[in-house]
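Written below as structure tokens is the structure these notes are about.
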Amino acid sequence: MSALLVTGTSTDVGKTIATAALAAAARASGASVAVCKPAQTGEAPGVGGDLAVVQRLVGVGPSGIAATVELARYPEPLAPDTAARRAGMAELTRTQVVGAARQLGRDHDLALVEGAGGLLVRLGADGFTLRDVAVDLGAPVLLVADPALGTLNHCALTVEALRSAGVRCAGIVLGSWPDEPDLAMRCNLDDLPSVTGVDLVGRIPAGVGSLDRARFTAQAPGWFDRAWLASLV
Ligand SMILES: Nc1ncnc2c1ncn2[C@@H]1O[C@H](COP(=O)(O)OP(=O)(O)OP(=O)(O)O)[C@@H](O)[C@H]1O
Ligand SMILES: C[C@H](N)[C@H](N)CCCCCC(=O)O
Ligand SMILES: [Mg+2]
């Protein structure tokens, strides 16, 4: 009965694939899982988007995700507040997002809430962010990071932004881990926990977004630290 917010060091780092993997891993342990994408941008109405990816990889229903909720969708691939303004559409409100996440957290063992882009991207009215949602819910935030050179700073900045608001970072997940990691990536396995003070709790292998559902759901639990996963649900 809890919410876990999912942010990234930026857009395109693998938040959605990591969210799908975590949903599959939680399902494998018998938990009921819901996934919420408050603000989808850059997709036409009713077509594609992050929840469609999660549904494709994990499935919806008795053996899959119990519920998926998208609160707003804007046409242009921009930050949600900008995309809403340019489209002349209603902006999301902090109350809407917090209310939806809280209800999903009540109704399911685990409610995963994926932001848009990085932590401080403005999701809607008055420039509220996923960090504000975490504060209101008292929920932790999982950070999905690029494994490559440059990520130490991005992760440290994000973790510092969370700490300054009294929000716990639940862990760092590497969004796309190559078969042959380079020197910086290999060093980051130790440097990321040391620099941020946050545990590395998962590594999503590169390419798994193309797996079929059976393989994705079978392999997903192995991409996370077992003890951390058990602590979630
Ligand atoms: N582990 C992976 N292996 C291969 N491709 C991946 C992996 N993770 C992500 N990708 C690909 O990288 C792209 C971005 O991934 P994803 O959509 O998960 O990013 P995101 O952080 O959720 O972006 P957004 O901010 O738009 O929500 C997608 O095309 C996705 O298929
Ligand atoms: C369009 C993209 N896929 C995301 N949905 C939105 C990313 C907003 C990033 C804003 C920024 O940090 O510059
Ligand atoms: Mg995404």
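Don't overthink the numbers, they just go from 1 along the chain as shown.
Glycine is no exception: its Cβ is also placed from the backbone N, Cα and C atoms.
Annotation source TrEMBL lists ATP binding site at Asp12, Val13, Gly14, Lys15, Thr16, Ile17, Asp50, Glu114, Gly115, Ala116, Gly117, Gly175, Ser176. Sequence annotations record features per position, and here TrEMBL assigns Mg(2+) binding site to Thr16, Asp50, Glu114. Positions annotated as active site by TrEMBL: Lys37. Marked as substrate binding site by TrEMBL: Thr41.
What TrEMBL annotates, mapped onto the structure for a quick look.
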residue: Asp12; record: ATP binding site; Cβ within 10 Å: 11
residue: Gly14; record: ATP binding site; Cβ within 10 Å: 24
residue: Thr16; record: ATP binding site; Cβ within 10 Å: 24
residue: Lys37; record: active site; Cβ within 10 Å: 26
residue: Thr41; record: substrate binding site; Cβ within 10 Å: 23
residue: Asp50; record: ATP binding site; Cβ within 10 Å: 20
residue: Glu114; record: Mg(2+) binding site; Cβ within 10 Å: 25
residue: Gly115; record: ATP binding site; Cβ within 10 Å: 27
residue: Gly117; record: ATP binding site; Cβ within 10 Å: 23
residue: Ser176; record: ATP binding site; Cβ within 10 Å: 21
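Within 10 Å of Glu114 (Mg(2+) binding site), as judged by C-alpha distances, the binding-site residues found are Thr16; the full candidate list was Asp12, Gly14, Thr16. Under 6 Å, Cβ to nearest atom of ligand 2: this is the test, and of the recorded positions Gly14, Lys37, Thr41, Gly115, Gly117 it is passed by Thr41, Gly117.
Gly115 (ATP binding site) carries a strand DSSP state (E or B). For ligand 1, no neighbouring recorded positions occur among Lys37, Thr41, Gly115, by Cβ distance under 6 Å. Gly14 (ATP binding site) sits 16 Å from the residue listed as 'substrate binding site', counting Cα to Cα.
For ligand 3, the nearby binding-site residues are Thr16, Asp50; that is, of Gly14, Thr16, Asp50, these have a C-beta under 6 Å from one of its atoms. Each residue in Val6, Lys15, Thr19, Ala20, Val35, Lys37, Gly49, Leu51, Val53, Val54 lies on the same chain as Thr16, Asp50, Glu114 and has a C-beta within 8 Å of the C-beta centroid of that Mg(2+) site, without being one of the site residues. Here the Cα atom of Thr41 (substrate binding site) is found 10 Å from that of Asp50 (ATP binding site).
Here Lys37 (active site) is positioned 20 angstrom away from Ser176 (ATP binding site), judged by their C-alpha atoms. Taking only the Cα positions, the spacing between the residue listed as 'active site' and Thr16 (ATP binding site) is 9 angstrom. Classification of Gly14 (ATP binding site) by DSSP places it in coil, neither helical nor stranded.
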